[in-house]
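Q: Below is one structure. I have some questions about it.
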Amino acid sequence: MAQIFNFSSGPAMLPAEVLKQAQQELRDWNGLGTSVMEVSHRGKEFIQVAEEAEKDFRDLLNVPSNYKVLFCHGGGRGQFAAVPLNILGDKTTADYVDAGYWAASAIKEAKKYCTPNVFDAKVTVDGFRAVKPMSEWQLSDNAAYMHYCPNETIDGIAIDETPNFGKDVVVAADFSSTILSRPIDVSRYGVIYAGAQKNIGPAGLTIVIVREDLLGKANIACPSILDYSILNDNDSMFNTPPTFAWYLSGLVFKWLKANGGVVAMDKINQQKAELLYGVIDNSDFYRNDVAKANRSRMNVPFQLADSALDKLFLEESFAAGLHALKGHRVVGGMRASIYNAMPLEGVKALTDFMVEFERRHG
């Protein structure tokens, strides 16, 4: 079968080696004669999977010992509610920085539980969309925390700065689309959360990193399944967890460690992004309207100069094994999501196709 490269924003491409191992173990895992999907989440075999996955994840991001790692349900949208329900405490307001679609979605959900102080960080610079630097973010004095999204998948906008607002500011961040793609200083955050379906594993799992002093503050109305303290006290098994997603994510963590960890991912992700943006920037046929300082390395939206060619581009690229390139309905055009599992070979195949498509239709 011809090589297929999946540029979907999520569920996203998984490492071929991981899929091969999962396929081999699907019906007979660990010599048990059953699938990992069929074993008890409280049995010693799966407990080992869970413990190894957490250890490997901690190793990859160098998570400090005073942070808890939770394996949860609910996705990023679940965390839009979980963060205020767990972290507000006796306060009624929180700072929210709006830099795109997902930040705005978090703000909308937070309004159910608190009064968000919203700072619009979006700006236009020389005709390109950009984000104001953190030094210009206006935070309030009485906020329980500050929330932002470092990578906007739909807009193709990234905020690569590391927060430095002082020890009294609890920073909560939605890392769903950029987790494990580069090193991060976890100690600068109070809460980090990430849906698994982009850089971690299959959909159905959400990972939360929470500083332990923030536990025990949950609103009385917080559903138990979203309560960080309850999840922590029950080793993320307050109810039956998504065991297969947990197992596969653990395999991805081992794949990452075997391939140089987040430092190596950082390097290759930069190479992939430079290759794709280079073709776009050196062409009048393609365009990207995000300022270079805020371009995402994970999600690259681009438009054709003649939108009438969009349908043909998508049809021909799909036939060439380049799948899921249609842009989000909010922005249109094309979008290539190039997460950790997307090899440089896949991006090279895309750029070769783009050059040839321009030659024939430009």
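Positions of Cβ are set from backbone N, Cα and C atoms, glycine also.
A quick note: this is a predicted structure, and the numbers were derived from the prediction, not measured.
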Q: Which of T115, T124, T153 does Swiss-Prot put in the same pyridoxal 5'-phosphate site as G76, R77, W102, D174, Q197, N239, T240?
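A: As annotated by Swiss-Prot, G76, R77, W102, D174, Q197, N239, T240 share the pyridoxal 5'-phosphate site with T153, chosen from T115, T124, T153.
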Q: Of all the binding-site residues given, namely S9, R42, G76, R77, W102, which is spatially nearest to K198 (N6-(pyridoxal phosphate)lysine) at the Cα level?
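A: Closest by Cα: S9.
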Q: Fewest other Cβ atoms within 10 Å: which of the binding-site residues S9, T153, Q197, T240 wins that one? Let me know.
A: T240
Q: In Å, how large is the greatest distance between any two Cα atoms among G76, R77, W102, T153, D174, Q197, N239, T240, the listed binders of pyridoxal 5'-phosphate?
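A: Output for pyridoxal 5'-phosphate binders G76, R77, W102, T153, D174, Q197, N239, T240: max Cα distance 31 Å.
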Q: Going by DSSP, give the three-state secondary structure for N239 (pyridoxal 5'-phosphate binding site).
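A: Reduced to three states, the DSSP call for N239 (pyridoxal 5'-phosphate binding site) is coil.
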Q: Which residues does N239 (pyridoxal 5'-phosphate binding site) neighbour through Cβ under 8 Å, counting only same-chain ones at least six apart?
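A: In sequence order, the residues whose Cβ lies under 8 Å from that of N239 (pyridoxal 5'-phosphate binding site) (at least 6 apart) are H73, I225.
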Q: By a simple count, how many Cβ atoms lie within 10 Å of the Cβ of R77 (pyridoxal 5'-phosphate binding site), its own Cβ left out?
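A: I count 16 other Cβ atoms within 10 Å of it.
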